[in-house]
Amino acid sequence: MLFPVLLLLKLVIGALIIDASALSWHDLKWPRDLRPLAHHDLLYMGQISEEDRGDFNATLRNFLVPRVVGSQKHREVREFIVRSLKDLDWDVEEDCFDGQTPHGIKPFCNVIATLNPSACHRLVLACHYDSLLHKEGTFIGATDSAVPCAQLLYLARSLNGKLQNQKTRGDGLTLQLVFFDGEEAFERWSSHDSLYGSRHLAQKWHEDRTSAERLESCLERSEIANQIDRMEVMVLLDLLGAENPRFYSYFGETQPVYRRLVNIESRLNDAGLMELPRRRRRTNYFSNSSTVGFIEDDHIPFLKRSVPIVHIIPSPFPDVWHTLDDNEQNLHHPTISNLNKIFKAFVSEYLQL
């Protein structure tokens, strides 16, 4: 993601943040019924056992290594993602290609895992798995984006039974996980030196033609001409793992979806299920406010092709962003655990698990 944009956000955020309740955005109709989770289901999603914590931490350790494009560790991380999702009986595709970079031709591979490839519509959760080539030393990128990668795999594992049941319903909706390669610039962020994987995949899916007649249970009035059109919404996770992040709704079109995250966090707080320090009574990660989405990230190539976007990235960025301090020691595990609860409930609610 682009650093000058962060500076711009800090300068104008006071002028641009708008109370969502003052807008008509929350009255927009989403094409799907976003019914709140039943209370007992919310309580279930808000419980994380010690076994779950151990599973998540074990998963995370596989990502807490330098993951520079073209390196051995980068390849091992990709293989771990593929193996983990194949073990859960997901359909896994590797979108591999060679790309021109300031450091010459480099190999890239996006990983796309789809629970039910026949389903017409897709709830897409995404992150990037590569790490920055840092000039000053070994960069781990714990928030950027080891934690988001581990969270996606954790969601697939922890919800596996419910997801497999949903897969057999034939309701035309499925979960898709996308792990982008080559998000980071090799030298200086530009339209050519960044977002290698997402630019390639967006173009590929735009050119991959299909139709509603060939797919399972498309919604009425759905206009499906290519794979891009099957993306009902992309939820992009980035820079997660620092204490007390602050998120905003960056796109009016997806305000109804973003508000589900606000609501879920509030309900989990009401139920006493969030992990809090003694001095705090509630978390307040998901602001009930909107701001203009200036940040450049892997969603941009899809946004340009009219894919609805929810961008879960903190503003401001974590203090450790693009420094060698973005490592395991500076992660805040209670915050990560709280976000895992929110994401589990969100996926369960959206897919009506």
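Keep in mind that glycine also has a Cβ here, set from the backbone N, Cα and C atoms.
Summarising the annotation, Swiss-Prot assigns active site, proton acceptor to Glu183, Asp238. Among the features that Swiss-Prot reports, Zn(2+) binding site is placed at Asp144, Glu184, His322. Swiss-Prot lists Cys96-Cys109, Cys120-Cys218, Cys127-Cys149 with the feature disulfide bond. Per Swiss-Prot, N-linked glycosylation site is recorded for Asn57, Asn288, and the stated evidence type is sequence analysis. Positions annotated as signal peptide by Swiss-Prot: 1-22.
Put simply, Cys149 is the one of the recorded positions Cys149, Glu184, Cys218, Asn288, His322 whose Cα lies nearest to the Cα of Asn57 (N-linked glycosylation site). Within the set of recorded positions Asp144, Glu183, Asp238, His322, the entry lying nearest in space to Cys96 (disulfide bond) is Glu183 (CA atoms).
Taking the Cα of Cys218 (disulfide bond) as the reference point, the closest of the recorded positions Cys109, Cys127, Asp144, Glu183, His322 is Cys127. Across the fold, the C-alpha of Glu183 (active site, proton acceptor) and the C-alpha of Cys109 (disulfide bond) stand 11 Å from each other.
Of all the recorded positions in the list Glu184, Asp238, His322, the shortest Cα-Cα distance to Cys109 (disulfide bond) is found for Glu184. Asp238 (active site, proton acceptor) carries neither a helix nor a strand DSSP state and counts as coil.
Long-range Cβ contacts of Glu184 (Zn(2+) binding site) within its own chain (separation 6+, distance under 8 Å): Val69, His128, Asp130, Ser131, Leu132, Leu133, Ser194. Considering only the recorded positions Cys120, Cys127, Cys149, Asp238, Asn288, His322 (Zn(2+) binding site) has Asp238 as its nearest partner by CA-CA distance. Same-chain residues at least 6 positions away in sequence with a Cβ under 8 Å from that of Cys120 (disulfide bond) are, in sequence order, Gly172, Leu173, Ala212, Leu215, Glu216, Ser217, Cys218, Leu219, Ser222, Ile224, Arg230.
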